[in-house]
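A.B. asks: Would you mind keeping the following structure in view while I ask a few things?
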């Protein structure tokens, strides 16, 4: 029972502690995404722009007119500078692509280890220290790149990815201990909305900051906000209700009675992760392949849309920031719409869960791919091009009703591990796509970008076809082999099982005697 300062402190909160965690979780994801994406916009102002004139071998007759430039006529090839640019570095498009993708080299490596650490030691410090390290890396980005150039920035972004990789697994481990079953949808809507809030804030605020000042300020601001978040996180949030020092007695009792992970934890202990079943599961690999396709399209938009708007459509940095944020606003709103429609159709029996996952995954894959192709064929009609980009991300909002929640369908018992596998392996797209786009767009012309967008459409369509062929919407046998048994063609030996101790065996015997 709470007494003294703990009781007094608990009475200061007007909302339950589980919703304090939900809000701080939202801010955690928002911070993670702002620190991840701020470079995507800042790099457009970090690199010197040399624009060839007519007669030069790289001259593009189809280039959109730029109304925000000042020409330095003393140069044999006119070097164009924007009045609001801070031009410092001469990096090729391929080098920029490597830098933009470097974050995901580290991010991929710590996804599964982060989940395992969170399950063993609790999510508070796995998540908190991971984001703190990301904030430090973000804050020191300006001085690092000025001292060490592209190589130093590449290494720093890898380190940043290493810190951010455990973010989602750590948060999921905490939510499993704090979210009652009847409130999970509410928790999900609050917490995972942080991703789009981060994308929106990262794009919009970066554009405003660089319009009024230097690109360095972007990293100082978002890194500073990361430090501030960590201070509040340390004081306000804890891995489980039972380790929280000033949660009310009523809420602690309620959570211990209504959160599955806290109820009879020993009786509900799972068997060891069935790696033999997971790694040979065709539906799981179909989901991973679909994840690779989705991330390819998503990272193309997140990472390279600011460059396309700046280099091809010739928006100034303020306009680029605002217009880069619009697609994520649309995606965020559309995700709620698609979720409501999906739940309604499943409840009415209009389609099965399996067909729902396939339908909404297809909408989120092929729809955006077609839209970005149409945007590239809009030429210099900036209004039409922006419309197609916004509509692309609107359709991508169906992703949350499709493959995003498919791990809960096929593996409710090991959803954390399967989610880490899908997210971690799929994030390889974040490494490949920016670099490949850099190779495909050496002069960043409209025709070169059109080829890059066709490649994106091809990846989205092919991976979606694989998902349509092999995806499942029900629990797979290896998730609960005691319930489903082994498939008839299984020839790889038994899956590992949990050792039942003598005390637990005695409890089971007593239960049988009572019956």
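Cβ atoms here come from the backbone N, Cα and C positions, even for glycine.
According to TrEMBL:
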- 20-39: transmembrane segment (TRANSMEM)
- 20-475: domain 'Major facilitator superfamily (MFS) profile' (DOMAIN)
- 125-145: transmembrane segment (TRANSMEM)
- 151-175: transmembrane segment (TRANSMEM)
- 187-206: transmembrane segment (TRANSMEM)
- 218-238: transmembrane segment (TRANSMEM)
- 282-301: transmembrane segment (TRANSMEM)
- 321-346: transmembrane segment (TRANSMEM)
- 383-402: transmembrane segment (TRANSMEM)
- 414-437: transmembrane segment (TRANSMEM)
- 449-470: transmembrane segment (TRANSMEM)
- 494-515: region 'Disordered' (REGION)
- 500-515: compositional bias 'Basic and acidic residues' (COMPBIAS)
A.B. asks: Would you say the transmembrane segment (414-437) and the transmembrane segment (383-402) are touching, if the rule is that at least three C-beta pairs must lie under 8 angstroms and be 6 or more residues apart?
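C.D. replies: Counting Cβ pairs under 8 Å (6 or more apart in sequence), the transmembrane segment (383-402) does not reach the transmembrane segment (414-437), since there are fewer than 3.
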A.B. asks: Using a Cβ distance cut-off of under 8 Å, indicate which of 187-206, 321-346, 449-470 has the most pairs with the transmembrane segment (218-238).
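C.D. replies: Most Cβ pairs under 8 Å with the transmembrane segment (218-238) come from 187-206.
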A.B. asks: I'd like to know if the transmembrane segment (414-437) touches the transmembrane segment (151-175) in this structure, counting it as a touch only when three or more C-beta pairs sit under 8 Å and are separated by 6 or more positions.
C.D. replies: yes
A.B. asks: In the same chain, which residue numbers or ranges, 6 or more beyond the ends of the transmembrane segment (282-301), come under 8 angstroms Cβ to Cβ?
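C.D. replies: Apart from its flanks, the transmembrane segment (282-301) reaches 327, 361, 364-365, 368-369, 372, 389, 392-393, 396, 399, 403, 406-407, 410-411, 418, 421-423, 425-430, 432-434, 437, 452-453, 456, 459-460, 462-464, 466-467, 469-472, 476.
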A.B. asks: At a C-beta cut-off of under 8 Å, are there same-chain residues at least 6 beyond the transmembrane segment (321-346) that contact it? List them, or none.
C.D. replies: 41, 189, 193, 196-197, 199-201, 203-208, 210-211, 301, 305-306, 309, 315, 352-353, 356, 360, 363, 386, 389-401
A.B. asks: If you average the pLDDT over the domain 'Major facilitator superfamily (MFS) profile' (20-475), what number do you get?
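C.D. replies: Across the domain 'Major facilitator superfamily (MFS) profile' (20-475), the average pLDDT comes out at 82.
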